[in-house]
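Engineer: Let me give you the structure first, and then I'll get to my questions.
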Amino acid sequence: MVQKFGAKFGFHYPHDRHVLTFDAMINQSCQEQFILLGFSDRPRLESILFVFVLIFYLVTLVGNIVIILVSHLDPCLHTPMYFFLTNLSFLDLCFTTSSIPQLLFNLGGQDKTISYTGCAIQLFMFLGLGGTECVLLAVMAYDRFTAICKPLHYSVIMHSQLCWKLVSVAWSVGLLNSLVMSPVTMKLPRCGRCQVRHFLCEMPALIKIACVDTVAVESTVFILSVIIVLVPLALILVSYSYIALAVMRIKSASGRRKAFNTCGSHLTVVSLFYGNIIYMYMQPGHKASQDQGKFLTLFYNLVTPMLNPVIYTLRNKDVKGALKRLVTRK
């Protein structure tokens, strides 16, 4: 009976006593690949999204590459602030590239599958780069705090060795987050369930298709989210509290304006990134609806990295001046 039923679906069973059941074959196939449902329930939306995602992705690539090149080529931008900004732009490039090409592939055709290895790599990069950005934004806030609150000692405090150490800590935290959570998530039993109701292999979506009690895993995710998300956010808020007090003491209007312009860009980026992250990951059980989760993930995975170069360029005279110098030099 099982052999006949399996034959209809192209499965061939050996004629010995070690016969695989049909469920076992499904489990085996789901261990080899996943199906990313994404927006497949809305075919018209898929074609529209393909165009918008492609345009946003290209703008993201161009914008962040320009920031990296300008910061590297212009000697005036060889400062700690632009060293951290270069790391943020490189991180955003990796962040979007880890999932957007796969999304474009799925939106542009009928094939919605992703291999098990591809899914594991995508999850590993997504968790690692997300954790790195949380800490890196806190590092950038500390840099602004030092520049405004301790301007006379800035060059002494923010020396190149400290900058490299702070960046190394940020990337190490992201790597540790991936090493802890990726294997736990991928090894969850799924009992043949391989349809992921998302456009990427994100941790909450993979946890939802598990066929075992996931309370312990979700509790671990929540605790790690508190450490990786809220601790850096608390440091950012403390830094900007001191910055606000220091700015209020500045007597000249031009000095206050310069300080607000410098910090305003970073605060805008922090608000965009942390707002989505907190809503997505700081809810026990992840109670956000599936549609909300997909669109919010798309926002902080594509729109935020695209806006970062725009925000830092439009509000920053140094970057605009460097761009003009490079253009006129050529």
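Just so it is clear, glycine is given a Cβ too, placed from its N, Cα and C backbone atoms.
The following feature annotations were taken from TrEMBL:
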TRANSMEM  48-70  transmembrane segment
DOMAIN    63-312  domain 'G-protein coupled receptors family 1 profile'
TRANSMEM  82-100  transmembrane segment
TRANSMEM  120-142  transmembrane segment
TRANSMEM  162-180  transmembrane segment
TRANSMEM  222-247  transmembrane segment
TRANSMEM  259-282  transmembrane segment
TRANSMEM  294-314  transmembrane segment
Engineer: For the transmembrane segment (294-314) and the transmembrane segment (48-70), does the number of C-beta pairs under 8 Å, pairs 6 or more apart in sequence, reach 3 or more?
Structural biologist: yes
Engineer: Do any residues, 6 or more residues outside the transmembrane segment (222-247), come within under 8 Å Cβ-to-Cβ of it, and if so which ones?
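Structural biologist: For the transmembrane segment (222-247), the list is 131, 134-135, 137-138, 141-142, 144-145, 148-149, 173, 177, 180-181, 256, 259-260, 263, 267, 270, 274, 277-278, 281-282, 284.
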